[in-house]
């Protein structure tokens with residue numbers, strides 16, 4: 001191998017170092033450049049107002065107008081959306097439409113007036129933060145949103161909904177690590193198994209077309225078994241290392257996720273090792289951050305070009321649904337992962353018809 005490369009072999013370590021540096025730069029850039037913008041929050045005013053000699057007063061409506069007006073700033077951390085009723089808000093939060101909500105109570109105006117005239121306690125707003133939507137945002141906003149309203153002379157009563165098991169991490173670093181422990185190992189283990197399966201164990205590339213279909217069948221059987229192994233290993237890591245009380249549904253979901261990834265990776269390697277490496281590096285380097293970071297905190301490039309397609313986004317979303325909301329194997333992240341697996345099957349079909357590069361044979365004279 002070294003003789004074939006000649007003098008170029010001396011530059012190989014440099015190229016490897018540069019490649020690894022690029023991968024890790026793409027891996028960590030979104031995490032080190034988090035800048036929350038436009039986080040979707042709801043605001044509901046139940047304030048009944050009060051009558052004064054000067055006319056009717058409703059301080060809650062004024063607070064809503066001020067909050068919604070702040071959303072016009074493109075760099076605003078929170079984008080406020082007014083809702084009309086408690087029922088509409090409850091339904092939206094149950095469906096994880098918002099990262100949180102602020103509820104102005106019915107006696108807000110009366111309590112504010114009492115605080116100004118008699119010095120009684122300041123009025124308080126009810127704040128709900130949806131842990132299932134994003135534990136990271138919940139941890140970020142738990143103190144930030146309280147300080148914002150404190151500057152306005154208003155207290156806050158913060159409630160975390162969909163809090164999940166008591167063993168779930170309650171700090172930002174622990175939250176990021178526990179979430180990433182379900183995403184990164186699933187992708188990395190699936191990638192390693194796919195490369196070994198395609199390039200060493202049951203290679204398809206280089207076979208005649210008549211031999212490819214049986215080899216593909218063996219690969220699919222291997223994917224079914226190895227993806228279960230990957231799911232089981234990650235499930236055990238979550239329980240033993242992160243101390244997260246994950247249900248059996250998480251094992252099924254991780255199995256499905258690993259199978260979808262392996263279909264894509266293995267088929268890409270079957271078409272050409274260079275294509276497999278490109279797909280693997282692209283998915284791993286670009287998509288890892290999307291498993292734990294919500295769209296609104298990612299840099300612009302990841303928002304526009306990466307977040308919509310990387311499988312890590314859906315693995316992270318599905319695991320949050322299971323851990324924090326108690327859903328089963330099939331949840332809102334299931335369909336995108338099935339489509340990912342279908343894309344892998346399309347690549348597998350292409351690998352059946354791609355011309356094979358076979359060594360030239362010499363005919364006897």
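The backbone N, Cα and C atoms fix where each Cβ goes, and this holds for glycine too.
The annotation domain 'ABC-2 type transporter transmembrane' is assigned in TrEMBL to 16-181. Positions annotated as transmembrane segment by TrEMBL: 12-31, 187-208, 220-242, 248-268, 275-295, 333-354.
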Per the 3+ Cβ pairs under 8 Å rule, pairs at least 6 apart in sequence, do the transmembrane segment (275-295) and the transmembrane segment (220-242) touch?
no
Contact between the transmembrane segment (12-31) and the transmembrane segment (187-208) is defined here as three or more C-beta pairs under 8 Å separated by at least 6 residues; is that satisfied?
no
Beyond the flanks of the transmembrane segment (333-354) by 6 or more, those residues with Cβ under 8 Å of it:
204-205, 209, 212-213, 216, 219, 253, 256-257, 259-268, 270-272, 311, 314-315, 317-318, 321
